[in-house]
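Here the structure is laid out as C-alpha cells; the discussion comes afterwards.
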Amino acid sequence: MKEADLITLRRQLHQIPELALQEKETHALLLKTIQGLPQTYFTIRTLPDLPTALLVKVQGRDPQRTIGYRTDIDALPVTEKTGLPFASKHSGIAHACGHDIHMTVALGILSYFAEHQPKDNLIFFFQPAEESKNGGKLAYDMGAFTGDWHIDEFYGLHDRPDLPAGTISTRLGTLFAGTTEINVDLIGKSGHAALPQNANDMIVAAASFISQIQTVVARNVGPTDSAVITFGLMRAGTIRNVIAGRAHLEGTLRGFTQQQIDFLQQRIRDIGQGIAASFNCQVKVALNQGGYYPVENNDKLTKNFIQVMKDDPDVTFVDTKPVMTGEDFGYLLNKIPGTMFWLGVNDPDSQLHAADFSPDEAALVPGVTAVVHFLEHRMLEKV
C-alpha cells in the first residue's frame, strides 16, 4: 500500500470506533480490505465464538516456523475532541488509544506479504476487546492458536505520543505492567451517629483498610522495584447522622512481573482478613486480573529485534523504560514468546486515552517498513 492508501484507510477506521466485542463495522471494513488484496497465499479465518476477531494466515514458501503479528481493533468510551474532519461518527466513542493506527500498520504489512510471499508462515491476528473484556485471553483460551494456526513467536506494537513519528522503541523484560481490578465490600452494622457502640462503622473500617494497603508497596516491595496500588472510588453512608453499615471500594493494582502481582494480590487478601478480624465485620475482596498480565518481552527474540532495528539505516530506535499502563498482549506473551514495541506518533501535547489525542499519520509508512524489514530478516535466521 502507498502512503495515500494507508492514510485513507486509517481515516476510514478512525471514523467508526467501536467498543470491546462490538467491533462489527470495523470487522467488516478489515475483511473487505483484506479480501481486496491478492489472495494467492492467504487463508482467512473467523471465530464463531469471537465473531469480531479476524485471523489471516500467509503461507510461507519454505516455512520453518510461524510468526504471529497482532493488532487490537477496539476503541474507548470517549467523546472525541480533535476537531479533525474525519473525527468519530459514533457518539461517545473514539479511537483515543490509536488502535486505528495499529490496524492500518498491520494492514500495510499484510498487503506487502500478499504480493511478496514470505519464507515462513505469517499469522495476522486482528484482536477485539483489548481495552476491556480480555480479547487476547478469550482467543487463546478457545484454541485460536492451535493446530494449523499454532504460532511460534508473536509480535505487536503500540503507538506512543511522546516519541517522534516513526520512532521504534522497546526493551528487554517488562514493557507494560500487569493490572488487577480490586473490588472490596465491607459489611458491618448501621446505626445512629450518637450511638456508635450499637453499630459497626464501615467508613472507619474502610479507612483502616486503605491505610494499611498503602504500606504494602512501601514495605513489601523492594525500593528498586516498582508497583502501584490505588483506590479511586469509595462509596459508604447515606446521611451525616447515620453510621455506615456498608462500604464499597474500587481500585487497581499494577506490577511489572506476574510473581510480584501474585504476591501483592495475596497481601490484599491478607489485609482484608485482618480488617475483618479487627473490626468484627465481613470483608469480601474480589481481584480480577483477566488477561492483563505484564507484557514481558522474550529476551532472545527481543535482543534480535532491537539489533535489527538498530542496524536498519531507515529506523530511528531509542531505548525506553517500562510503563505502569496495561496491555492485554501480556497474556499472549505469557503463552507464546515474543516482543512488543512502541511506534512513535508525535503528539507530545496529548496522551493516550485523551479526547484530543491525534497521532501523526507520518508514522504509518515507517511503521510498516520497519516491521516488514524485521520480519524478512527474522525469516532468514535459522530456527
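The backbone N, Cα and C atoms fix where each Cβ goes, glycine too.
Per Swiss-Prot, the feature active site maps to ASP72. ASP72 (active site) has a Cβ environment of 27 other Cβ atoms inside 10 Å.
Annotation note: GLU131 (active site, proton acceptor) sits in a coil segment as assigned by DSSP. Here Swiss-Prot flags GLU131 as active site, proton acceptor, drawing on sequence analysis.
Distance from the CA of GLU131 (active site, proton acceptor) to the CA of ASP72 (active site) is 9 Å. Around the Cβ of GLU131 (active site, proton acceptor), the same chain contributes LEU19, ALA20, ASP72, ASP74, ALA75, LEU76, CYS97, each under 8 angstroms and 6 or more positions distant in sequence. For the recorded site, ASP72 (active site), the DSSP three-state label reads strand.
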